[in-house]
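Annotated features, as they stand in Swiss-Prot:
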type	residues	note
TRANSMEM	7-27	transmembrane segment
TRANSMEM	45-65	transmembrane segment
TRANSMEM	67-87	transmembrane segment
TRANSMEM	90-110	transmembrane segment
TRANSMEM	118-138	transmembrane segment
TRANSMEM	162-182	transmembrane segment
TRANSMEM	212-232	transmembrane segment
TRANSMEM	240-260	transmembrane segment
TRANSMEM	261-281	transmembrane segment
TRANSMEM	288-308	transmembrane segment
């Protein structure tokens, strides 16, 4: 009972995930093939890698909508640096540093200006996206082809397996463990929750707000860089638009996973399960031949239904009290 009270929403998401797979399996038996389930994650798991630190950002009361552009910038930067003759062993760490720098720029602007993070990261979304397009144009890379010619060892990396699991899925699982420990088992994680619940109280309590926010946005930038590296390896080319479609699925996963968009509460495990739930929903709809437009609409409907259901669950005692009062009035009348 205590386990359900503590992880009730996560268990609900896990049950929905199993139900979803079984329902799609009735329409297409391939959905029940364990190899299909494992290897199809490579198509969407990079969204999860970015959604994990984004969960911590949202729990802190902030938001970062620039990560899609950061992915594109890091991807094209990796291609240009490699094109310039820099070894991949050097180009990859440099790309991660660029991602961290993008995150620190976001944090610095938010802390210095005091402007809402949504406005700041909307600006950097265009800044990083424009920079990616500029670099792409200077390198002569076309929109759909991008920069190719990477070593086989690099392009094979994202398509290899470890213990029978695709490498991107293994990296995602490691990220889930890392961010779960950071958020739920460290002082920094407690600071994140406290800042999200009340930044004013956190400031009066002398919590390291600036340092914590810098860490969160930098981690989101690093995760974006890692996602960019995996995507370049998976597709075999570096393009400025690689992260263009990541924004809504990632935020959907965070909210669906149980994070309060206003801050103060959230779950890394919930986000991880929501990533799989949304990802397999898209995969299953494609397998049964559903058009992309309908697929997107159904994803939005799922989010609304689940969020409404969660809201009812959280406030069920208030609903029960209201029903009791209404019955009392009818009885007295």
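The backbone N, Cα and C atoms fix where each Cβ goes, glycine too.
Here the structure is a predicted model, which means the values were calculated and not measured.
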Same chain, outside the transmembrane segment (45-65) by at least 6, Cβ under 8 Å from its Cβ: which residues? 71, 103, 106, 110, 117-118, 121-122, 125, 166, 168-169, 171-172, 175-176, 179, 182-183, 189, 192-193, 195-196, 199, 212-213, 216-217, 219-220, 222-224, 226-227, 230-231, 246-247, 249-251, 253-254, 257, 259-268, 271-272, 274-276, 279
Let me spell it out: take the transmembrane segment (67-87), skip the flanking residues so only those 6+ beyond its ends count, and list any with a Cβ under 8 Å from a Cβ in it. 50, 54, 94-95, 98-99, 102-103, 124-129, 131-132, 135-136, 138-139, 141, 146-147, 149-150, 220-221, 223-225, 227-229, 231-232, 237-247, 250
If you count Cβ pairs under 8 Å, which stretch among 7-27, 118-138, 261-281, 288-308 touches the transmembrane segment (162-182) the most? 261-281
When you scan the chain for residues with a C-beta under 8 Å from the transmembrane segment (118-138), skipping those not six or more beyond its ends, what do you find? 63-66, 68-70, 72-73, 75-77, 80, 102, 105-106, 109-110, 146, 239-240
